[in-house]
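Listed in TrEMBL:
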DOMAIN    A:65-384  domain 'AB hydrolase-1'
ACT_SITE  A:Ser173  active site, nucleophile
BINDING   A:Arg243, A:Asp380  substrate binding site
ACT_SITE  A:Asp346  active site
ACT_SITE  A:His379  active site
Amino acid sequence: MFFPTGPTLRLENEHSLMSSTTPLEIGSHQHIRFDEGLELDCGVSLAPIDVAYCTYGTLSERGDNAILICHAFTGDQYVAETHPLTGKSGWWERMVGPGKPIDTNRFFVICSNVLGGCMGSTGPRSLRRNDEGAEAPWGTDFPPITIRDMVRAQYKLVSALGIERLFAVVGGSMGGMQVLEWTVTYPHMMLAAMPIATAPYHSAQNIAFNEVGRQAIIADPDWRGGRYWQADVVPARGLAVARMMAHITYLSEEALTRKFGRRTRRGPASGPGPEGPVSLFSDIFEVESYLRYQGSSFVRRFDANSYLSITRAMDWFDIAADHDGELTAAFARTPVRFCVVSFSSDWLFPTSAARALVRALNQAAANVSFVEIETDKGHDAFLLDEPDFDRTVRGFLCGVAEHAGLV
Amino acid sequence: MRLDQRLIADMIEPGTRVLDIGSGDGLLIDHLFRHRGCDARGIELNMKLVTRSVAHGLPVVHGDADHDLAHYPDHAFDYVVLQRTLQAVARPREVLRQMLRIGRHAIVSFPNFGHWQLRLKLLLNGRMPMTAVWHTAWYDTPNIHPCTIRDFLALCAEEGYTVEQWMAVDEEGERAPWRRSIRLANLFGEQALFLLRRQGG
């Protein structure tokens, strides 16, 4: 593998990616420990497991108003509150809260950190007792997990919270994969499902992007074979490059043009004054600066081995594969009401993938709604201000409640 | 809801499964759910109308009659409805076949090209007729497959569909009085409304 280092990839600047980052703190997150653990798809029995979660709103007496939100790849359970690590507001605060489209005055909202994650649920950074009896993180010895394993862990949490049937399961991107997995693994556990900006399998192009990200991490000398904690470092540069590359795929050409165009600014490496030495990078494009910022802020909250674990889980995701390649068979006789949403400028999970899903659901005679939201914001549109999307989420959930007689 | 949509709703047994192709703003499926206890769903081509329908809690998918019906299984619905659209699809005969494959009944309405005004205008002017119903110039019209009531009946006979009900309807959707004579209905009816059943269905 060829991975260039040196000046062309030197990223240190006002957002240093090189060395200042100390290993992530695990911190304490609300969680439930399941001592019996989980039988993983790979055959390994992982025990015990922790599932970290947040909840909002109140569970009704009949327990019929719970909505499970599945977070995307690098998201976490802090949907609608200030993040304890980053201090930023919740990743879906504009969608979830009192009076919001997913109204916490009405619904009891649950979101858990995925298995394999790094925000309190069991993952590569969790400690385990090794053969010598000492405690050490799993690192790359963490068993390979699947989207279905994540969903099984969520099922344990939902059951432990005393919920017999969810009102809805909602999620975008990798969260949407979990939503689809829920509908085929536990079809009678929910009334409705909203898979958003997602696909029934991970495409070759998306696997390719994931692989570039993984190789960037592995190529970082600080990755140290996945045991970076032993040297008290993190592979910050590799992880930042992975994030920068991935971040491009979450946007669109129009969005990048609108936000940055070809505007430039003085680069941080250009010396003290305007007369500084001329170099390749004395001026940098604003889009470069933006990506560097995205990369450097990411490494402060995300674990590199989690990145490897979770991207691999996404790569293996293929709903049809477990049903002899027949997507329709996976949804046969499903009682779930679906609302599939795609975004017109999303090229990571394009509308064509959503349409294939909708056709399979139609073929299975499922009750399905399908909306493509017109936007230039790309894949990330599901996290951003899209009034039509908000109306769709609110209206669909209200419609389901009305049909179920829950009004 | 238009008057002819009420006529359509009256053709549908309560508590049945209905697919409305070209569901528009969703008024018909909303009515069928609320007042007739139907499991009613829609397909609509205009994304704005799809979004508005879903935002009202209605099960509507984005799609069109020519391409998306093939993906539904046989006998999935009791009724499949196509309102004022048959003349605008690319392959009307195929769309009808699909409707009566996935549904036990098909309810079809279309503007009648046999109306006397159209005949007279063509005869007198020698130009493509323009009326309140047919109001778009020939080069702009989406109505690429106009037909008359008698044309449609001939197609039903050819395809072996049983006509359970038919009626002529005026532009506002009011039922027209020409229910005894097909020839008179074909001359005076602005719109036609059919309830079909597949043979043995």
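These residue numbers are counts, starting from 1, taken along the chain as shown.
Here the Cβ of each residue, glycine as well, is placed from N, Cα and C on the backbone.
In TrEMBL, annotation is done automatically, which means it is predicted and not curated.
What you are looking at is a predicted structure, and each value in this text was computed from that prediction instead of being measured.
Same-chain residues at least 6 positions away in sequence with a Cβ under 8 Å from that of A:Arg243 (substrate binding site) are, in sequence order, A:Thr74, A:Gly213, A:Gln294, A:Gly295, A:Phe298, A:Val299, A:Phe302. Scoring each of the recorded positions (A:Asp346, A:Asp380) by how many neighbouring Cβ atoms lie within 10 Å, the top position goes to A:Asp346. Within the model, the domain 'AB hydrolase-1' (A:65-384) shows a mean pLDDT value of 95, rounded to a whole number. With respect to their backbone Cα atoms, A:Asp380 (substrate binding site) and A:Ser173 (active site, nucleophile) stand 9 Å from each other.
Between the alpha carbons (Cα) of A:Asp346 (active site) and A:His379 (active site) lies a span of roughly 4 Å. Taking each of the active-site residues A:Ser173, A:His379 in turn and counting other Cβ atoms within 10 Å of its Cβ gives the largest count for A:Ser173. Secondary structure at A:Ser173 (active site, nucleophile), as computed by DSSP, is coil.
For the pair A:His379 (active site) and the residue listed as 'active site, nucleophile', the Cα-Cα distance reads 8 Å. Taken residue by residue with DSSP, A:Asp380 (substrate binding site) is part of a helix.
Under the DSSP three-state reduction, A:Asp346 (active site) is assigned to coil, being neither helix nor strand.
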